[in-house]
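**Q** Here it is, the structure in full.
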């Protein structure tokens, strides 16, 4: 057989070393024939798996080692914080022993809450104080006071105070109704029922009667009545899921864990003391230790506490011990109370009222100044000038009316000008606003 004149260069050995064998090629061909398609995920995994000596693997290993060091340092810092929790800065909670926990000098508050703004004794003074933050009300109060001066009053004193009294009364009734609704909501909240361990049996107990140290059981979709350390759950691993949307606005579920040491003991037989930090507003931090019958202290953290207002989800039941109740719970410590709301319209009206008051003062000052100039020019004729006669000629002996001089007359002219020009700031506007607000509030409550 004739050979070609020139043969191609031999295949390099490096390529031959990595080339598949014919048998492997045949197996691959059969596999490709049997499998019509290959999934993208498998192809991606086969192509993207790094070698152990690649730079990307080295960077990944470095990042993982740094993360482990960071976690170790965070854990060591947490343990250090637990170790630094001194007795004078801590609260001692005896599990399932509320009487001993609340014995003097502890005296922790009960679990009742109060969000109302007023009480029966403080309603009138506090409501008036809040209402007179409106500049227009101060202006109308000054006008009502000027009507009590005999030389100045245009109408009777009662007629001068009636408009302001109506405005204050309408606003007070509206505020009282809103605060009464808060009181009713607090009453319903405090009278809710929860299962509390009493004499070895879980019995229903109203929220306001719960105390620090009570062992509480919560079932799925129930709201937690207090801040409590998780002792056990229906899950064998001690996991519980809570929804904190009422606390921080997040709808995703968060995991909480019970310690295995407390999971192994039935709640009625569990005894020990929890040493935790005093109440604070930090909802993302919690420092405590639990000592069970003289054993070693077990550290507790944020993942071991469930806060009031959260809801138990995806968990049949959970049992915990109350550590913070009532006004000392984190949700109440972060509550600012019922605010004194000021709408943007009311803020603008205060600014416009101040501007109109300045214009009114300037106008009255000009009138009083011109009156003083006129009185100075006609000082010798004041006794006989019509409409401004200072002398009384009704008797044989001429006497002067209540004339205090030009200076006093200028002052009275200024003050009487304030009363005469009071229509520049109409009080009917504020009466109408309060009536509209009351009507809108009624409509919203009746037709939500």
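Yeah, the Cβs are placed from backbone N, Cα and C, and that goes for glycine too.
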**Q** To which of the residue ranges 354-375, 376-397 does TrEMBL assign the term transmembrane segment?
**A** 354-375
**Q** If you check TrEMBL, which stretch out of 135-152, 153-170, 171-188 is marked transmembrane segment?
**A** 135-152
**Q** So which range, 1-58, 59-116, gets flagged region 'Disordered' in TrEMBL?
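**A** The range carrying the region 'Disordered' annotation in TrEMBL is 1-58.
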**Q** Would you mind splitting the domain 'P-type ATPase A' (191-256) into helix, strand and coil residue counts from DSSP?
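**A** Here the numbers are 7 helix, 34 strand, 25 coil.
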**Q** Which bits of the chain, at least 6 residues beyond where the transmembrane segment (403-431) starts or stops, bring a Cβ under 8 A of a Cβ in it?
**A** 134, 136-137, 139-140, 142-143, 146-147, 149, 151-154, 163-164, 166-167, 170, 353, 356-357, 359-361, 363-365, 367-369, 371-372, 375-376, 379, 382, 390
